[in-house]
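Going by Swiss-Prot, these are the annotated features:
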DOMAIN    2-142  domain 'Globin'
MOD_RES   Ser4  phosphoserine
MOD_RES   Lys8  N6-succinyllysine
MOD_RES   Thr9  phosphothreonine
MOD_RES   Lys12  N6-succinyllysine
MOD_RES   Lys17  N6-acetyllysine
MOD_RES   Lys17  N6-succinyllysine
MOD_RES   Tyr25  phosphotyrosine
MOD_RES   Ser36  phosphoserine
MOD_RES   Lys41  N6-succinyllysine
MOD_RES   Ser50  phosphoserine
BINDING   His59  O2 binding site
BINDING   His88  heme b binding site
MOD_RES   Ser103  phosphoserine
MOD_RES   Thr109  phosphothreonine
MOD_RES   Ser125  phosphoserine
MOD_RES   Thr135  phosphothreonine
MOD_RES   Thr138  phosphothreonine
MOD_RES   Ser139  phosphoserine
Amino acid sequence: MVLSPADKTNVKSTWDKLGGHAGEYGGEALERTFASFPTTKTYFPHFDLSPGSAQVKAHGKKVADALTLAVGHLDDLPGALSALSDLHAHKLRVDPVNFKLLSHCLLVTLACHHPAEFTPAVHASLDKFFSAVSTVLTSKYR
């Protein structure tokens with residue numbers, strides 16, 4: 001999915017507004033994913049998956065850091081996320097549908113924390129961005 005110049009602007013400006021909260025939101029979105037889609041827990045048998053878990057928060061920060069990297073490389077997502085794509089496809093073998101589930105929970109989390117900024121245009125741009133990231137992360141499954 002190709003991000004338009006307006007999409008790129010929306011994604012960058014939204015991500016800039018998250019400030020130091022990106023890791024917190026990543027953890028919250030991951031908690032939301034586990035609560036809403038319990039089958040996603042199967043990839044984390046060694047984690048304490050209870051609400052507020054330090055392990056979930058730490059992994060949520062990793063998710064947010066990867067997305068921050070992607071935001072900084074909107075014109076080369078495959079290059080920026082190549083190592084993560086390899087990891088998820090070949091070592092972790094995460095079912096690709098889980099990226100869509102997490103993307104949805106990220107959108108919900110961002111909308112909850114930034115309702116005024118979460119306009120239809122921003123929502124659409126973030127959805128396209130998360131979809132593009134998901135596509136890159138699943139590209140090496142083929």
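Using the three backbone atoms N, Cα and C, a Cβ is placed for every residue, glycine included.
Feature annotations (Swiss-Prot) mapped to structure.
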| residue | record | CB count, 10 Å |
| --- | --- | --- |
| Ser4 | phosphoserine | 11 |
| Lys8 | N6-succinyllysine | 16 |
| Lys12 | N6-succinyllysine | 15 |
| Tyr25 | phosphotyrosine | 21 |
| His88 | heme b binding site | 21 |
| Ser103 | phosphoserine | 20 |
| Thr109 | phosphothreonine | 21 |
| Ser125 | phosphoserine | 22 |
| Thr138 | phosphothreonine | 19 |
| Ser139 | phosphoserine | 15 |
Among Lys17, Lys41, His59, the most crowded of the recorded positions [Cβ within 10 Å]:
His59
Which modified residues (Thr9, Ser50, Thr109, Thr138) fall within 10 Å of His88 (heme b binding site) by Cα distance?
Thr138
Rank aside, I only need the closest one: which of the modified residues Ser50, Thr109, Thr135 has its C-alpha nearest to that of Lys8 (N6-succinyllysine)?
Thr135
Which number gives the other C-beta atoms within 10 angstroms of the C-beta of Ser36 (phosphoserine), all protein chains shown included?
12
With Tyr25 (phosphotyrosine) as the reference Cα, tell me which of the modified residues Thr9, Ser50, Thr109, Thr135 is the closest one.
Thr109
